[in-house]
Amino acid sequence: MPKAVWLLVIGMAINVTGASFLWPLNTIYIHMELGKSLSVAGIVIMGNAVMGVIGNLIGGKLFDRIGGYKTIMLGVLITMASAFTLALFNDFYQYVVLMLGLGFGAGVIIPAMYAMAGAVWPEGGRRPFNAMYVAQNVGVSVGAASGGLLASYRFDLVFLGNGLMYLGFFVLALLFFRRLQADSGQAQTTNVFEQGQEVENKKRFKALLILCAGFLICWVAYVQWQTTISVHIQNLGIPLTHYSILWTINGAIIVFCQPLIKYFIEKWVHSLKAQIYVGLVIFMVAYVVLSQADVFTAFIVAMVILTFGEMFVWPAVPTIAHQLAPEGKAGFYQGIVNSIGTGGRLIGPFFGGVMADLFGMSVLFYVLVVLFLISFVTTALYDRGLKEKEVGQRNMESSAS
């Protein structure tokens, strides 16, 4: 990859690491430190996600108007100020307001980062977007593990660490990203509302939306690990440091088991659709294991299973989106896929919190297993009516990366 893309990848990893200090600990802090219910915790996290969606839309428009560098700097200033303020003032209402600020600032940053990655390496196709995706996953794993470790000492250290990571990202952006903008030239349109009016192939766009409906369910289930499951583990008397180990395992598998996944896909999986099917089955097994888990070893097993499922599904969906995208619309289609992740993080915490409060964790896990069946249906139906040449053949190496 070009040096410019590596700089953006490093920046994305640092940015998401900072954000991930709080993602799995929000529910624990609100429920166990501030004494609020899981439903209230879910509402707060949902508010954070809503502000992220708003930030995404505004960030895309700002990128078109003022360029990537200024947009990223604005977003990181908002997140950095919110994080450092949170280290000093973290009662419930202060926490809620500052979490909204963190969600908005992070939302402004992400579309600008993706747009810059595509602009500085236009001949890279989907590779710069895949690289940013991997960086996000590494950031989630490292940040969640580090946040859990800091929280085992004092929660305000988590907020301070969050701010320091954003400070590091600010310095990186200040030193290098202005040059990237100069190299990339004029920013391309990325705003969802503007490009949504220009969609030329309705069949392809409809296919993408059907596929993403199932992808949304996957995210609703996945985000439970960062919300209700973290509290469930605490309620079982498992130390917070043990919870952080789960995310260390997740990150290690993602980084070191890519060759294994690539070999499996090349030898036995013959389409992207089949790749998603395999991932969904693995997801279902993971949540069945979770429904019976009451010791830490069982949670490790469930996390290992979940991570392998993630490695099948997560790269396959953006790859299909790339194949479905008409010429000049690849970024727009990738933006739709990324927004689904935000939607899952928005719906998932509230859905999981209400289900856990009303029916308990075991029922929640079984409901999620049933919901995965809908993802099977959407995966089977998304390309009905499309000609084979419109969808294209999958690139095994790219989809496994």
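Placement of Cβ uses the backbone N, Cα and C atoms for every residue, glycine included.
Unlike curated records, TrEMBL annotations are generated automatically.
Keep in mind the model is a prediction, meaning the values are calculated, not measured.
What TrEMBL records for this protein:
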type	residues	note
DOMAIN	4-387	domain 'Major facilitator superfamily (MFS) profile'
TRANSMEM	5-25	transmembrane segment
TRANSMEM	37-59	transmembrane segment
TRANSMEM	71-89	transmembrane segment
TRANSMEM	95-121	transmembrane segment
TRANSMEM	133-151	transmembrane segment
TRANSMEM	157-177	transmembrane segment
TRANSMEM	207-225	transmembrane segment
TRANSMEM	245-265	transmembrane segment
TRANSMEM	277-308	transmembrane segment
TRANSMEM	358-382	transmembrane segment
- Query: Going along the chain, which residues at least six beyond the ends of the transmembrane segment (95-121) come within the CB cut-off of under 8 Å?
  - Reply: 1-2, 4-5, 8-9, 11-12, 15, 19, 22, 26, 29-30, 34, 44-45, 47-56, 58-60, 62-63, 68, 71-72, 74-83, 85-86, 89, 127-129, 131-132, 177, 180-181, 183-185, 187-188, 190, 330-331, 334-335, 338, 342
- Query: So, do the transmembrane segment (157-177) and the transmembrane segment (207-225) meet, by the test of 3 or more Cβ pairs under 8 Å (sequence gap 6 or more)?
  - Reply: no
- Is it true that the transmembrane segment (5-25) and the transmembrane segment (358-382) have 3 or more Cβ pairs under 8 Å, skipping pairs fewer than 6 apart in sequence? no
